[in-house]
Amino acid sequence: QRSGSVPGVGLVHAPLALLPAPFPEKEWREASELAPIFNHLVHRVSSDATFLHESLFRTKKADEFTSRILDIHSKMLQINKKEEIQLGLHRSDYMLDEKTKSLLQVELNTISSSFASLSNLVTELHRYILSRHGKLLGLDSKRILANSALDQYAEALAKAWSEYNNPRAVIMIVVQAEERNMYDQHLVSAVLNDTYNITTIRKTLAEVDQQGEILPDGTFSVDGEAVSVIYFRAGYTPADYPSESEWRARLLMEQSCAVKCPSISYHLVGSKKIQQELAKPGVLERFLENKEDVAKLRKCFAGLWSLDDFDIVGKAIESPELFVMKPQREGGGNNIYGDDVRETLLKLQKADSQEDAAYILMQRIFPTISKAVLMRDGRWHKEHAISELGIFSTYLRNKDKVIINKQSGHLMRTKISSSDEGGVAAGFAVLDSVYLT
């Protein structure tokens with residue numbers, strides 16, 4: 001009976017849609033073309049310490065988690081720590097706004113971008129279903145978009161391992177203590193082992209603190225094994241740092257020579273506040289020379305505002321249903337919607353504190369509603385649903401040489417249209433695939 005309900009006890013299938021979600025080909029291509037531009041942008045922004053610290057200055061005072069991440073970044077600047085090899089496994093999430101018919105970015109994930117493996121499997125499942133029952137359903141299995149996210153994530157990790165150039169070193173996956181999403185991670189490990197003959201180890205932040213050390217030559221060693229690449233699938237939420245032990249582990253890893261996926265600066269670029277700062281007029285030009293690239297990015301930006309924009313705050317109090325309030329958090333289940341937006345804003349105004357800097361306001365996107373069959377815990381139900389497209393991308397550079405910069409597969413998540421939140425692991429959405437229209 002406890003199967004699947006307790007991490008590590010038994011199994012339960014991942015929440016999934018029975019049939020693929022329709023998505024227009026034109027907007028799909030648009031999202032795919034943005035991937036290498038966003039990769040390049042993340043790298044350029046991560047290299048500008050002044051911009052990061054100035055943008056997050058107020059957030060640092062209001063949000064302890066962001067403050068701790070920034071402190072580690074500052075320490076790396078003080079010791080002049082250079083990350084020669086930079087690896088990014090990113091995912092940019094989009095929704096198609098029904099009214100304007102425009103593709104709008106929800107967020108950019110630079111740490112623990114999950115479901116490369118399971119989205120691959122759901123794509124294969126849907127292709128199989130349509131190859132058997134497509135005629136009956138009036139659907140063509142060839143319209144389901146091919147998805148190689150798993151292989152491309154593994155390839156990027158393997159190439160980073162290769163650039164590090166220590167054939168005896170392992171790749172370490174940093175995981176949560178009670179990890180429910182272990183199979184999504186395990187499949188990446190399986191490809192690394194089978195295709196590239198690379199060993200992976202799994203450690204929690206607490207275990208890294210207990211077993212990790214930096215050798216005199218800068219090599220990061222955990223339990224006696226040299227680590228070439230540290231792949232974070234934890235460390236993106238305050239809940240991952242219940243004690244000082246976890247923070248010690250994060251600092252220790254950052255000080256080492258191992259390749260971090262992501263480095264502390266890449267992690268900071270993924271914060272909501274940086275997303276909002278980049279949407280301000282003239283800011284993208286600070287990082288990108290190509291005018292076409294700037295125009296493409298601008299086109300996909302939804303309205304984003306800080307809470308010191310009093311006009312917008314006034315509008316959000318008046319019409320809270322048109323806005324989403326977002327804290328500096330990843331992983332689903334953290335955003336504020338509807339009347340709660342009004343209440344939170346009014347509370348912050350009364351408090352007259354720095355706390356408003358912990359949030360941003362974002363335009364609410366209203367995607368097309370379609371019918372879907374959603375499956376969770378072995379039960380299915382028909383629902384009116386909306387979908388969110390995630391585009392995976394991989395980026396690897398060694399000093400000035402860019403080795404990989406490309407779109408690397410996709411993730412479709414579908415949820416009941418009345419649900420505000422969108423995380424699969426957080427229990428709101430299901431995994432889906434893309435049916436091109």
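In case you wondered, yes, glycine gets a Cβ from its N, Cα and C as well.
Feature list (source: TrEMBL):
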- Arg91, 111-114, 179-181, Gln185, 233-236, Arg413, 424-425: substrate binding site (BINDING)
- Glu107, Lys272, 326-335, Tyr337, 362-365, Glu388, Lys415, Glu421: ATP binding site (BINDING)
- Glu107, Asn109, Glu330: Mg(2+) binding site (BINDING)
- 169-269: domain 'Glutathione synthase substrate-binding' (DOMAIN)
Cβ-Cβ neighbours of Arg180 (substrate binding site) (radius 10 Å): 15
Inter-residue C-alpha distance, Glu107 (ATP binding site) and Tyr236 (substrate binding site) (nearest angstrom): 14
Asn109 (Mg(2+) binding site): nearby binding-site residues from Arg91, Arg364, Lys415, Cα cut-off 10 Å: Arg91
Lys415 (ATP binding site) and Ser114 (substrate binding site), Cα-Cα, nearest whole angstrom: 17
Cα-Cα distance linking Lys415 (ATP binding site) and Ser112 (substrate binding site), given in Å to the nearest integer: 21
Inter-residue C-alpha distance, Ala234 (substrate binding site) and Arg364 (ATP binding site) (nearest angstrom): 28
